[in-house]
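Trainee: Would you mind keeping the following structure in view while I ask a few things?
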Amino acid sequence: MIAMGLEGSANKLGVGIMRDDEILANERLTYAPPPGEGFIPVKTAEHHRSRILGLVAVSLEKAGVDLDDVDIFCYTKGPGMGLPLSVVATVARTLSLYCNKPLVPVNHCIAHIEMGRFITKASNPVILYASGGNTQIIAYHNRRYKIFGETLDIAVGNCIDRFARALKLPNFPAPGLSVERYAKLGKNYIELPYVVKGMDVSFSGILSNIKRKIAEDEQVKRDLCYSLQETVFSALVEVTERAMAFSSSKEVLIVGGVGCNLRLQEMMGIMARERGGVCYATDERFCIDNGVMIAYVGMLMAKSGAAFKLGECFVTQRYRTDSVEVTWRDY
């Protein structure tokens, strides 16, 4: 089976093609506004609209297949920003109708999880899903990815990105990467609010507090980036460890764009090893939003018997991870 996946839930536009378990193409473009600016939905959607057909053509060429060779078209149903999601869904529906091939709507969060499991070969891990739009601690049970804990306000990636904008750090290739680079030069830890409530975390207060500490001195900016990472990542490690203890799992898998951060991987790895376990993570090809993860989960769904009418193939900005029945797993 050959599947094409289209992703565009935020500022990343991705087209991926897979033939069963073989990745044929994984192409991606990024909408990056000027330093200090965020991702405005209208502008993000226009970026996707003007580039998606070209990216589809590039992906087909790289994969060495024709459009007629594609057996199913898959797209991100949600969660995400409404306008960018709609652009990608419209193209996916058009391709499906034009080629008379099935269309599969995919949950963005589930796609991150299953792609992480596919790449790392993690069996049944506790999952930390950390991105610009989501922060969840997840484990599989009874054909669902259950949410053990999550952010009570803003996502960890949103917190980091907004602080990067406050510092006027570059948005390309990613504001979080700019913070990570600054953090590596930090020397002094500056105390920040640390908010963990049971299995849930909160980052809005940290963001408000750290913005008030910004100074012109470059070293202060580096120290603040370092302190922000240490604080928010410590909270994530704490709640993830609690989920591992509850589930008796020896595996933890980090997915989502923030999962690219090497310091987060290091801290989570230390915790996992102290528990006699292992931490799995992927590189930026698969941690960051991409089309191939959509193609992969679409294939899993189709092979397990999922079928959708065109009228069911819409988008939703709020599409919970635990609302999806996982029909392709038998353990």
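Placement of Cβ uses the backbone N, Cα and C atoms for every residue, glycine included.
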Trainee: Kindly point out which candidate in Y75, Y129, Y140, Y145 is recorded by Swiss-Prot as part of the divalent metal cation site with H108, H112, D289.
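Mentor: Only hit among Y75, Y129, Y140, Y145 in Swiss-Prot's divalent metal cation site, alongside H108, H112, D289: Y129.
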Trainee: Starting from the Cβ of Y129 (divalent metal cation binding site), draw a 10 Å sphere and report how many other Cβ atoms land inside it.
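Mentor: Other Cβ atoms within 10 Å of Y129 (divalent metal cation binding site): 27.
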Trainee: By a simple count of other Cβ atoms within 10 Å, which of G133, G176, the binding-site residues in the record, is least packed?
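Mentor: The binding-site residues G133, G176 were compared, and G133 has the fewest Cβ atoms within 10 Å.
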Trainee: Per 10 Å Cβ neighbour count, which of the binding-site residues H108, H112, S131, D289 ranks highest?
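Mentor: Compared across H108, H112, S131, D289, the most Cβ atoms within 10 Å surround H112.
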Trainee: Max Cα-Cα distance in Å among Y129, A130, S131, G132, G133, D161, G176, E180, N261, the residues listed as binding substrate?
Mentor: 18
Trainee: If you count Cβ atoms within 10 Å of the Cβ of N261 (substrate binding site), leaving out that atom itself, what do you get?
Mentor: 25
Trainee: To the nearest Å, how far is the Cα of D289 (divalent metal cation binding site) from the Cα of N261 (substrate binding site)?
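Mentor: It is 14 Å, counting Cα to Cα.
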Trainee: Measuring CA to CA, name the entry from the binding-site residues S131, G176, N261 that ends up nearest H108 (divalent metal cation binding site).
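Mentor: Result: the closest of the binding-site residues to H108 (divalent metal cation binding site) is S131.
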